[in-house]
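The structure under discussion appears below in the form of structure tokens.
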Amino acid sequence: MKRTLSILKPDVISRNITGKVNAYIEAAGLQIIAMKQLHLTRIQAEAFYVVHKDRFFFNDLVNFMTSAPVIVQVLSGDDAVHRYRKLMGDTDPKKAAKGTIRGDFAESIDANCVHGSDSEENAKNEIAFFFSRCEIFDR
């Protein structure tokens, strides 16, 4: 089984739709094998999104991700990275297909509900950013 990182962003938590989003994940055949809620510090958010530090949206992204708690999760399944990216839908919810998380729940390109790793290599690094090995339980 392959793994990927999922972050349920502050808009999911504040709108109380965590269960709905996780239902989509599980219905897609992905298992949630680790999960925790935390409130990112600015330093943590900047470190996690360092790849975007020179992009115009970096400050807004960091501000949003530190505005309220998030839920970080490790998902497991065949081709987990690709399957979760497809399930998330387009970054811009106006372009996201119905039946995807962003197509059905996201309110804007900024408050777009979820983050998912974009490659297996990044998934390993992102998972290690938030979880130690003893916090992940394969089924």
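Placement of Cβ uses the backbone N, Cα and C atoms for every residue, glycine included.
Annotation comment: Swiss-Prot describes HIS115 as active site, pros-phosphohistidine intermediate. Among the features that Swiss-Prot reports, ATP binding site is placed at LYS9, PHE57, ARG85, THR91, ARG102, ASN112, with the record citing sequence analysis.
Taking the features listed in Swiss-Prot, we show where each one sits on the structure.
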residue: LYS9; record: ATP binding site; CB count, 10 Å: 23
residue: PHE57; record: ATP binding site; CB count, 10 Å: 12
residue: ARG85; record: ATP binding site; CB count, 10 Å: 16
residue: THR91; record: ATP binding site; CB count, 10 Å: 13
residue: ARG102; record: ATP binding site; CB count, 10 Å: 22
residue: ASN112; record: ATP binding site; CB count, 10 Å: 23
residue: HIS115; record: active site, pros-phosphohistidine intermediate; CB count, 10 Å: 20
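Put simply, THR91 (ATP binding site) is 9 Å from HIS115 (active site, pros-phosphohistidine intermediate) when counted between their Cα atoms. A coil conformation is recorded for THR91 (ATP binding site) in the three-state DSSP classification, outside any helix or strand. In the three-state DSSP scheme, the residue listed as 'active site, pros-phosphohistidine intermediate' falls into the strand class.
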